[in-house]
Amino acid sequence: MESTLQEVKDESSVVELKSTVHGGVQDVYGEDTATEDQFVTPWSVSVASGYTLIRDPHHNKGLAFTEKERDAHYLRGLLPPVVISQELQVKKMINCIRQYLVPLQKYIAMMDLQGRNEKLFYKLLIDHVEELLPVVYTPTVGEACQKYGSIFTHPHGLFISLKDKGKILEVLRNWPEKNIQVIVVTDGERILGLGDLGCHGMGIPVGKLALYTALGGVRPSACLPVTIDVGTNNQKLLDDEFYIGLRQKRATGQEYAELLQEFMTAVKQNYGEKILVQFEDFANHNAFDLLSKYGTTHLVFNDDIQGTASVVLAGLVAALKLVGGSLADHRFLFLGAGEAGTGIAELIALEVSKQTNIPVEETRKNIWLVDSKGLIVSSRKESLQHFKKPWAHEHEPVKELVDAVNAIKPTVLIGTSGAGRTFTKEVVESMASLNERPIILALSNPTSQSECTAEEAYTWTQGRAIYCSGSPFPPVEYEGKVYTPGQANNAYIFPGFGLGLIMSGTIRVHDDMLLAASEALASQVSQEDYDKGLIYPPFTNIRKISAHIAAKVAAKSYELGLATRLPEPKDLEKYAESCMYSPSYRSFR
């Protein structure tokens, strides 16, 4: 670096620089003597100090820099004279955010803070997790993705597009952090229940990784959000002047597969065998193909298929305390047979098989799925996509959901359709007439796409339903009693699950790890929670829950011989807690 600077200095003494109009006496960088259409080099050589330090989100502490630090790092005069604590900064920020009435404005304020002062962002999110989780993630992140081009100010994450074919390894190397442990990647084709949002889907990986850090304690510098832009079929976005992605229809087939293959190869080449790649919001066909293709060669996890399944299974295991019986005694009916629906169904079948020693082919027969064409039955087998075939059982065709409820007589109704208001009054009342305590899970996100609201579920079942949604609903008062709806949020599972994989150096994901995570989460529901009718613990002690899940996942990984970090720690839960990132400020020399 010194020789480079020396060359610049030598050059500057050759070219006589008299211009003092723009930048001062010695124009070392040649910027002032260049005309507007000539290239200049944006040199920057510095240890983080002074102006650079307060603009570096990793190290910036704002007004919390001490007097000593201000002297040592040339900050005098660059900050007002007051020195305040991080606690006071958190108090000030939460008050600021509460001033905004529109959730999207709160989201923008939080993202702005993340780009300015990383530790304060995570401290704020951890201290006010129940209030801010719906802001940085679902439901607000859905609206943020829809308007991403309009609210886009500076990039978060890495954008890889078809233009980068053949150069993906170079693109990965452009990212400033080198020790990446987890990547969350999307192609934006099926964002929540909102459909194809193309490059605007970046809000999802950014939001998920914020939760990896806040809830699972994975270092922010070890997280990399990626969007793979292969175009979009959303005409509204293609016509939007503020759209930030490629203006073309989606690439499919071989072109798509080759780009993904190059990405997965480059990721392993750059970050090694133990890098966790979490697929997020891919369309059904690609999601299943990618998971089966790379599941044997990479450490991959699909949150829509596996994360959702693990969370829902945990809720069902916990719900047995309220309704009695074992999982094998229940009948399940799903509306929606995509990634989430089939993923949950398969994990339930696996858990029942594990508990009863009955083959999984048999345990599947208690689980029925309804898709857009009606009940999935064996007479439809020929025309079904491969991931729906295991769920085609013997039954006459049924078109409407309410008729399926009356025919199958389920004890549990699960919505993963991405279509709002599909659990109609008729459907819910049928569930209530069949069951003393019907279990109704309306899981589609965001709230606008939920199959029914909490209020509808409690009102139509006279307060008897055990209800959960994917995005949060406020408490409901019915006939003088207050009901608190649960939230089957993937954020319960994936941060702890990821931490467990990372801390044990796991090289492949196994279904038994998902079952271990479900059981670990279900065990965290207290009697107090059950008394309120809840089947998930409150988010307030999510870090403790994540550490518990991480320990159980890591234990299963060691048991299966998939962990590489040896020797195995004696107390995995303590070890998990010790691995967690703390957002408290560090003191600088």
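Including glycine, each Cβ sits where the backbone N, Cα and C put it.
The active site, proton acceptor annotation in TrEMBL covers Lys208. The (S)-malate binding site annotation in TrEMBL covers Arg190, Asn445, Asn489. Residues annotated as divalent metal cation binding site in TrEMBL: Glu280, Asp281, Asp304. Sequence annotations record features per position, and here TrEMBL assigns domain 'Malic enzyme N-terminal' to 114-295. Taken from TrEMBL, the feature domain 'Malic enzyme NAD-binding' applies to 305-558.
Annotated pair Asp281 (divalent metal cation binding site) and Arg190 ((S)-malate binding site), C-alpha to C-alpha distance, rounded: 5 Å. Looking only at the binding-site residues Arg190, Glu280, Asp304, Asn445, Asn489, the one with its C-alpha closest to the residue listed as 'active site, proton acceptor' is Glu280. Taking the mean position of the Cβ atoms of Glu280, Asp281, Asp304 as the divalent metal cation site, the remaining residues of that chain whose Cβ falls within 8 Å of it are Thr186, Arg190, Ile191, Ile204, Phe279, Phe282, Ala287, Asn302, Asp303, Glu339. Within the model, the domain 'Malic enzyme N-terminal' (114-295) shows a mean pLDDT value of 97, rounded to a whole number. Taking the binding-site residues Glu280, Asp281, Asp304 in turn and counting surrounding C-beta atoms within 10 angstroms, the largest count is reached at Glu280. Annotation for the binding-site residues Asn445, Asn489: lowest Cβ count within 10 Å of the residue's own Cβ, Asn445. Proximity to Glu280 (divalent metal cation binding site), judged by a C-alpha distance within 10 Å, picks out Arg190 from the binding-site residues Arg190, Asn445, Asn489.
For the recorded positions Arg190, Lys208, counting C-beta atoms within 10 A of each C-beta gives the highest total at Lys208. Overall, the recorded (S)-malate-binding residues Arg190, Asn445, Asn489 cover a maximum inter-Cα distance of 18 Å.
Asn489 ((S)-malate binding site) sits 11 Å from Asp304 (divalent metal cation binding site), taking the C-alpha atoms as the reference points.
Counting only the Cα atoms, the space from Arg190 ((S)-malate binding site) to Asp304 (divalent metal cation binding site) is about 10 angstrom. Straight-line distance linking the Cα atoms of Asp304 (divalent metal cation binding site) and Asn445 ((S)-malate binding site), rounded to a whole number, equals 11 Å.
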